[in-house]
Amino acid sequence: VGLNQFSSSHSFFSAVCIPVFLPLTVLFLISVSRSPEASVLQWPPALPSSDQLWDPLAPVVLLGWMGLHILLYFLPVGKVSDGLTLRDGSRLKYPINGFHALCISSGLVMLFLGLGAPLGRLFELLPPLAVCAIGASFLFSIYLYIRSFWAPSHALALGGNTGNPLYDFFIGRELNPRIGSFDLKYFCELRPGLIGWVVINLGMLMKEVELRGSPSLAMILVNCFQLLYVADALWNEEAVLTTMDIVHDGFGFMLVFGDLAWVPFTYGLQAAFLVVHPQSLSALGAAVIIVLNGIGYYIFRKSNSQKNQFRRDPTHPSVSKLETIATATGKRLLVSGWWGLVRHPNYLGDLLMALAWSLPCGFSHLLPYFYVVYFTILLIHREARDERQCRDKYGVAWDTYCRRVPYRIFPYIY
């Protein structure tokens, strides 16, 4: 995952509207998923009452969860990797122990369940937890913006130091804000929000057990598919060190809100939907959905692994025989293997998995397909951004690559 969750179009309008619109969208989607109609088109929309938006337990849970993962960040297990070279020639060090954090978190959750902890209570806590996460995102972003004025110029993100306070607050002024060795952006990117997402999903499953005696096949599939996705991201945590989020984007409200609020509270809407709107799923239907998710995951993992291996060591036997195109920068572009099929095979795999997550919810409501629609728009926009940047960077070589690989995401379609 390590995804830049929102468009970074350089506009004052986006910087003003998105910090207002997206938090309201999170609360709206959670509210709709819990309503009997679950209609995103209902007007006036189903809005939560004020007493549904606050519970004194919510900030305790949120702070405890963040505190746990700060402790796990410093766990002396796993290797320590160097990031890419910064403008001042230095390379930061990052602990690669996110998968360990997932395993320990899972063990603790299982222990609490064994001791009788009512994990299904997360269903009622979902709106107040989202409110707390949104509030924490704003407060944390304000802190990041203020502290950035004490950062040296070489530590600032090239795109987040425009002099426009609202835009810089949104995009983020400082590239890699740290407290000692604790990297704030790297910590938030994959840990509390991503692992929190699967814990919330498990809470929804336990709520279904409370209501109906056992989890439905649809709920089990959603939990398993999304757990696989999160586990894969954390198992391959080192790959995030070369993503745009870490290498290029400043750490401001855009990434903070995406990591701490948007991902955990909107990516798992299917599970929350299934609590109130149970779906029956045939064995054949389940098998088809499992195969679809498996194909998507296979494409996603194989294409990403091939790209990462080629970046690390182009002479490795697994990639050394692949056809490439030379560029004026000295780098080479892959034009065979997965990257000869379409220009972004990893996006194709991502979208197939997104569809498989929603299909267990049936076809009676639009809400469970919010993630598919949102992610399709996001990836098509990101693909267009990647095209512009690669054309500027590689010039004629990129035009040659595009002629060799004409399809962007979907073979023979787009």
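Heads up, the Cβ atoms here are built off N, Cα and C, so glycines get one too.
It should be emphasised that the depicted structure is a prediction, and the values quoted were computed from it without experimental measurement.
Positions annotated as transmembrane segment by TrEMBL: 12-33 (among others).
As annotated by TrEMBL, transmembrane segment applies to 53-75 (among others).
Among the features that TrEMBL reports, transmembrane segment is placed at 96-119 (among others).
TrEMBL lists 125-146 (among others) with the feature transmembrane segment. Nonlocal intrachain contacts for the transmembrane segment (125-146), taken as residues 6+ away from its ends with a CB within less than 8 angstroms of a stretch CB, comprise 19, 23, 26-27, 30-31, 34, 48, 52-55, 57-59, 61-62, 165, 168-169, 172-174, 177, 184, 200, 251-253, 256-257, 260-261, 264-265, 272.
Sequence annotations record features per position, and here TrEMBL assigns transmembrane segment to 214-231 (among others).
What TrEMBL lists as transmembrane segment is 251-269 (among others). Beyond its flanks by at least six residues, the transmembrane segment (251-269) meets 1, 3-6, 8, 18-19, 22-23, 25-26, 29-30, 33, 126, 129-130, 133-134, 136-138, 140-141, 144-145, 157, 160, 168-177, 184-185, 188-189, 192-194, 196-198, 200-201, 204, 222, 226, 245, 367-368, 370-371, 374 of its own chain at Cβ-Cβ distances under 8 Å.
Listed by sequence, the residues of this chain that lie at least six past the ends of the transmembrane segment (281-300) yet keep a Cβ under 8 A from its Cβ atoms are 216-218, 221, 225, 228-229, 232, 338, 345-346, 348-357, 359-360. Under the heading transmembrane segment, TrEMBL lists 281-300 (among others).
Within the same chain, residues 3, 5-7, 29, 32-33, 38-41, 217-219, 221-222, 225-226, 266-267, 269-270, 273-274, 277, 279, 281, 285-286, 289-290, 292-293, 296, 344, 347, 409, 414 sit at least 6 positions outside the transmembrane segment (354-380) and bring their C-beta atoms closer than 8 Å to a C-beta of that stretch. Feature annotation from TrEMBL assigns transmembrane segment to 354-380 (among others).
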